[in-house]
Amino acid sequence: MATNITWHPNLTYDERKELRKQDGCTVWLTGLSASGKSTIACALEQLLLQKNLSAYRLDGDNIRFGLNKDLGFSEKDRNENIRRISEVSKLFADSCAVSITSFISPYRVDRDRARDLHKEAGLKFIEIFVDVPLEVAEQRDPKGLYKKAREGVIKEFTGISAPYEAPKAPELHLRTDQKTVEECAAIIYEYLVNEKIIRKHL
């Protein structure tokens, strides 16, 4: 880290919370490709915004068009991908928004580091395992990625030729082959209300 830089203080978290009447947090959606992470993230963001709550979605694919366009899919690059997103999501959470991230984030150690980063800043981190059997994910395969991975066209593909380490104790575990997108978004919303992160809006 450079030594010729200075941290500039601004409004405190509590001051922002009082002004915005909302707590901040990161909702971290993790799971296989085609498990439904992005779809649930979109639905949750819309649900929160419709209730006049501050929320912002960070999507695994979209981020690679800009902030992380220099990264590939090696283990080292995946680590850096999640490190950067952990920092960005923390900034959104610190602004008293609900930061919604939808990333495969296959390695448990990376997700644990993201949690620790938030904990050190006094911010809430909600890990949500978006779970689906591999065969169902392959049947969905909206981008044709599993087919390419099986054919060897895509190397290091999570769930096929690269590992996915499922969460051991996520705050929520959603089976998207058993629940609709709307049901999943509602479950997350109710969790945020019950944990007093947001107030219930009718």
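Placed from the backbone N, Cα and C atoms, the Cβ positions cover glycine too.
As written in Swiss-Prot, here are the features:
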BINDING   GLY31, LEU32, SER33, ALA34, SER35, GLY36, LYS37, SER38  ATP binding site
ACT_SITE  SER105  active site, phosphoserine intermediate
Expressed in Å to no decimal places, the gap between the Cα atoms of LYS37 (ATP binding site) and SER105 (active site, phosphoserine intermediate) is 11
Whole-Å Cα distance, SER105 (active site, phosphoserine intermediate) to SER35 (ATP binding site), is 13
Quick check: in three-state DSSP terms, what is SER35 (ATP binding site)? coil
Around the ATP site (GLY31, LEU32, SER33, ALA34, SER35, GLY36, LYS37, SER38), what further same-chain residues have their C-beta within 8 angstroms of the site's C-beta centre? SER102, ILE104, VAL130, VAL132, ALA137, THR176
Which Cβ among the recorded positions (SER33, SER35, SER38, SER105) has the fewest C-beta neighbours inside 10 Å? SER38
Going by DSSP, is SER105 (active site, phosphoserine intermediate) sitting in a helix, a strand, or coil? coil
Which residues does ALA34 (ATP binding site) neighbour through Cβ under 8 Å, counting only same-chain ones at least six apart? VAL132, ALA137, GLU138, ARG140, ASP141, PRO142, LYS143, LEU145, TYR146
If you count the other CB atoms within 10 A of the CB of LEU32 (ATP binding site), including all protein chains displayed, you should get 24
Near GLY31 (ATP binding site), which residues of its own chain have a C-beta under 8 A away, given they sit six or more steps off in sequence? LYS37, ILE104, PHE129, VAL130, ASP131, VAL132, TYR164
Which residues of the same chain, at least 6 positions away in sequence, have a Cβ lying under 8 Å from the Cβ of GLY36 (ATP binding site)? VAL130, VAL132, LEU174, THR176, VAL181, CYS184
